[in-house]
Amino acid sequence: MLNIKWIRENQELFDEKLSQRFIEPMSSKIAMLDEEKRKITSLIQEFQHARRVKSKILGNMTSKSSEEFEGLQRDVKHINEKLEELEKDLNNNNELNELLNMLPNIPDDEVPYGIDESMNKLVRTYGEINPNALNKQHFELGTKLNLMDFEQTTKISGARFVTLKGDLAKLERALINFMIDVHTKEFDFFEISPPVLVRDNAMYNAGQLPKFTEESFATTKGYRLIPTAEVSLVNIVADTIISREKLPMRYVAYTQCFRSEAGSSGRDTRGMIRLHQFGKVELVSITTPEESQNEHEYITNASETILQKLNLPYRIMLLCTGDMGFAAKKTYDIEVWLPGQKQYREIASCSNCGDFQARRMKARYKEFGSNDTTLVHTLNASGLPIGRTMVAILESYQNEDGSITIPDVLINYMGGLQKITTYSE
């Protein structure tokens with residue numbers, strides 16, 4: 001959620017930042033609604049003060065039957081009636097919060113202006129692309145190996161699901177353990193095993209609700225399946241005050257993730273690129289405003305290190321204002337090269353959300369010896385999605401006979417296996 005005080009004091013800049021997100025000016029409307037709310041709040045405080053004063057006088061009066069006593073009683077009764085009306089007005093005046101809840105984060109000054117991904121800015125590339133590489137797509141390879149099943153899975157669950165078997169299932173498990181080891185041992189992230197069913201308020205805190213209600217799966221019991229472990233991880237600090245010396249707090253988790261893929265009809269209908277259910281290793285950092293920019297580079301480096309160790313070519317793009325996520329103020333996308341598609345495809349998003357999520361979930365920190373609190377900054381990064389990483393490995397390490405060479409760093413995790421070959425039932 002955005003800072004209403006900042007909006008009030010920077011109305012022109014606020015409208016300019018909204019325009020970069022292709023949203024019409026809102027400062028005048030927000031200022032008007034805010035003024036109404038503040039007036040009601042001020043009146044409530046005045047009546048509460050008057051009630052305290054009159055109640056204290058009543059409590060000190062010795063004669064309970066005097067005309068003055070009865071007059072004060074009538075005054076207190078009238079005040080209570082007015083307070084009830086005002087508090088009802090305040091509770092019914094939800095338009096301001098509803099409006100703020102639908103507004104995205106303010107773009108950082110470094111974020112380029114642009115309407116879509118075509119205007120993202122290249123930051124750097126890694127690795128050499130082999131123009132003569134074999135170019136079968138992952139679903140062709142996996143199906144031929146008899147280790148990737150879409151047809152039977154569709155009968156079980158419908159479209160956008162997959163069943164991995166044998167050595168591909170083992171590769172999935174190897175990737176999870178490899179990624180967790182890198183992030184915990186080399187980058188000091190603390191491993192978490194969080195729930196994948198969360199309440200609506202946890203989704204709201206992370207910026208998923210109310211804007212993206214249709215993009216997640218809701219259960220009949222008031223829970224939602226997480227679209228990313230970011231939801232569970234950032235909520236670890238919800239409604240808390242953290243000691244400054246404990247920051248940064250860095251969390252890593254592997255979970256299954258669930259997305260309805262609303263609006264993705266016709267996109268990536270074949271293969272493992274866009275599924276309703278997929279495994280992902282997620283990174284979350286909680287830090288101070290002063291350190292969030294450095295932490296953004298740190299968490300991005302943690303993500304790209306996985307691709308470097310797997311020797312997979314990639315590039316990093318700074319997302320433009322029109323392509324950036326709802327809760328982010330600045331985002332790097334890591335795009336891995338897929339020989340089968342002959343193009344870069346997104347494999348990770350690394351975002352600095354500033355205090356946007358923290359304001360929603362009331363996550364603060366304070367310096368030692370001080371009573372003053374400040375909102376933390378939250379950051380998140382994919383570290384990485386298992387399915388898309390497997391896609392890149394299958395396409396980049398394929399051989400003429402359809403077998404897949406295991407990347408060196410994964411051989412021990414695969415129990416010494418160096419090549420995946422066709423499975424014969």
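Quick reminder: no glycine exception, Cβ is built from N, Cα and C everywhere.
Features reported for this protein in Swiss-Prot:
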- T228, A229, E230, E282, S382: L-serine binding site (BINDING)
- R259, S260, E261, E346, I347, A348, S349: ATP binding site (BINDING)
Entries of E261, I347, S349 which, being binding-site residues, have CA atoms within 10 angstroms of S382 (L-serine binding site): I347, S349
S260 (ATP binding site) versus binding-site residues T228, A229, E230, E282 - nearest by Cα: T228
Greatest inter-residue Cα distance in Å for the ATP-binding set R259, S260, E261, E346, I347, A348, S349: 19
L-serine site, defined by T228, A229, E230, E282, S382: further same-chain residues with Cβ within 8 Å of the Cβ centre: V231, L233, A253, T255, C257, K280, V281, L283, V284, N380, A381, G383
Maximal Cα-Cα distance (Å) across residues annotated as binding L-serine, namely T228, A229, E230, E282, S382: 9
Among E230, E346, the one of these binding-site residues whose Cβ has the fewest neighbouring Cβ atoms within 10 Å: E346
Cβ neighbour count (within 10 Å, all chains shown) around A229 (L-serine binding site): 28
Distance [Cα-Cα, Å, rounded] between I347 (ATP binding site) and E282 (L-serine binding site): 12
E346 (ATP binding site) and T228 (L-serine binding site), distance between Cα atoms, whole Å: 16
Local Cβ density at E261 (ATP binding site) - other Cβ atoms counted within 10 Å: 15
Proximal but sequence-remote residues of the same chain as S349 (ATP binding site) (Cβ under 8 Å, at least 6 apart): G325, T331, Y332, D333, I334, N380, A381, S382
Binding-site residues (T228, S260, S382), the one with most neighbouring Cβ atoms at 10 Å: S382
Length of the line joining the Cα atoms of E261 (ATP binding site) and A229 (L-serine binding site), in Å: 17
Secondary structure at S382 (L-serine binding site), reduced by DSSP to three states: strand
